[in-house]
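Here's the structure, in C-alpha cells; my notes come after.
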Amino acid sequence: MVPFLRILGIETSCDETAAAVVERDAEGNARVLSDVVLSQLDEHSAYGGVVPEIAARAHVEALDELIEEALNRANVSLDEVDAIAATSGPGLIGGLLVGLMTGKAIARAAGKPLYAVNHLEGHALTARLTDGLAFPYLMLLVSGGHTQLILVRGVGEYQRWGTTIDDALGEAFDKTAKLLGLPYPGGPAVERMARDGNPDRFAFPRPLVGEARLDFSFSGLKTAVRQAAQDIAPISDQDVADICASFQKAISRTLKDRIGRGLQRFKTEFAATDEKPALVVAGGVAANLELRGTLQALCDKNGFRFIAPPLHLCTDNAVMIAWAGLERMATGAAPDPLDVQPRSRWPLDSNAETLIGFGKRGAKA
C-alpha cells in the first residue's frame, strides 16, 4: 500500500508564480493544504502579452515569499514535507529556471527528493484530484500556449491525438482581442463583448472541419477576423461585439467537429470499458462559458461525462504540479537527479509525430 505522502509544489512556467502543499493518503485521496498564486497581469498588460524577461524577474522577486506563505497556510514545515515538485517544462525558459533552481535548492538543503514535473502532465492529472477519475480518459487542453487532445492512459502514459498546427486557441483569442483594441488578457475580453454581439453576422472559417485527423488550426480564423475588421473600418463597439460573437461561434463549431470525432474514436478503442467515458477540459480558455456549453452538449449527446475542474485549477497553479508529483511517487517512480535541466519544449507524448511548421527546435509540446 502507498504510504501517506505530502509534497510542496512550485509552478513558474509562464506568468503566474505559484506554490502549494498537497497531501495524498494511502487510499489515493487528496487534500489541498495550501494554494498560493500570484498573477503577473499588471506587469504584462501594457504590452498586450507576456514578456519573458519581465516574467522571469517577477518570479525571482516573488517565489521565496510565496513558498513561505504556502508552508505557513498549510501549517507545516519543510521537515514535514516528503518531497518537492517543480515545473520543469514546457514554458518560458527564464521562468522555468527560477522555479526549478529554487526547487533544487530546497531539495538539497532539506534532504528531500525532487520531482521535475511536465506542466502538461499537471493539467492531465488534475481531474483525478478533483473528481477521482479513473484511467483512461480524454483531455482537451486549451490555453494560451497549447491546444491538444490527449488520451490519458495512466500516470506517465499519454497519447496525443490532436494538436494545433499553428496558433494555440488562447493565442488566437489574445491576438483577436489586441486587433480589436480590447484589453489583455484577450479571452475574457472577447467573451464579454460577444454577449452583446450577433454571432451570425460574419461567416468566419472553421479550419480542418470535416477532416479525419484530430488536429486544430486557428491562424486562418485570426486572419479572417483581421480582414473583416479592415473591411468595415472604422469599427464601432457593435461591430466589435459582432466580430467577437462570430469568432466564438466559429471556434465552437470547430471544437464540436474536432472533439466529436475524438469522442467517437475513444468509444471505438475502449468499447469494452464498463466505466462511463469522460472528457476533461483544462487550461485558461476552459473558462469560456460558450465553449463549455458546446463541450457539455457534445458529451451529453455522446454519452460522456464532462469534467471541468474549478477554474483556479484549470489555469496555471502549483496544486496540479504537487499532485502530479504525488501521482508519480505513488507509482514508485524514482525522483529526478538534482542536475535535471528545464525544457522549454517538452512534448507530453514523446512518440507523437512532429508537425510541419515547428522548425528545427521541434514541437513545444
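The first residue you see is number 1, and the count goes up from there.
Glycine is no exception: its Cβ is also placed from the backbone N, Cα and C atoms.
Going by Swiss-Prot, these are the annotated features:
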BINDING   His119, His123, Asp316  Fe cation binding site
BINDING   Leu141, Val142, Ser143, Gly144, Gly145, Asp174, Gly187, Asn288  substrate binding site
C-beta crowding around Val142 (substrate binding site), within 10 angstroms: 28
Candidate with sparsest Cβ neighbourhood (10 Å radius) among Gly144, Gly145, Gly187, the listed binding-site residues: Gly145
Rounded to the nearest Å - Cα separation of His123 (Fe cation binding site) and Leu141 (substrate binding site): 8
DSSP three-state assignment (helix, strand or coil) for Gly144 (substrate binding site): coil
Among His119, His123, the most crowded of the binding-site residues [Cβ within 10 Å]: His123
Densest Cβ neighbourhood among Asp174, Asp316 (binding-site residues), 10 Å radius: Asp316
Asn288 (substrate binding site) CB neighbourhood, other CB atoms within 10 A: 24
Extra residues within 8 Å (Cβ to Cβ centroid of His119, His123, Asp316), Fe cation: Glu11, Ser13, Thr87, Leu120, Gly122, Ser143, Ala282, Gly283, Asn317, Met320, Ile321
Cβ packing number for Leu141 (substrate binding site), 10 Å threshold: 26
C-alpha spacing of Asp316 (Fe cation binding site) relative to Leu141 (substrate binding site), in angstrom: 12
Between Asp316 (Fe cation binding site) and Gly187 (substrate binding site): CA-CA distance (Å): 15
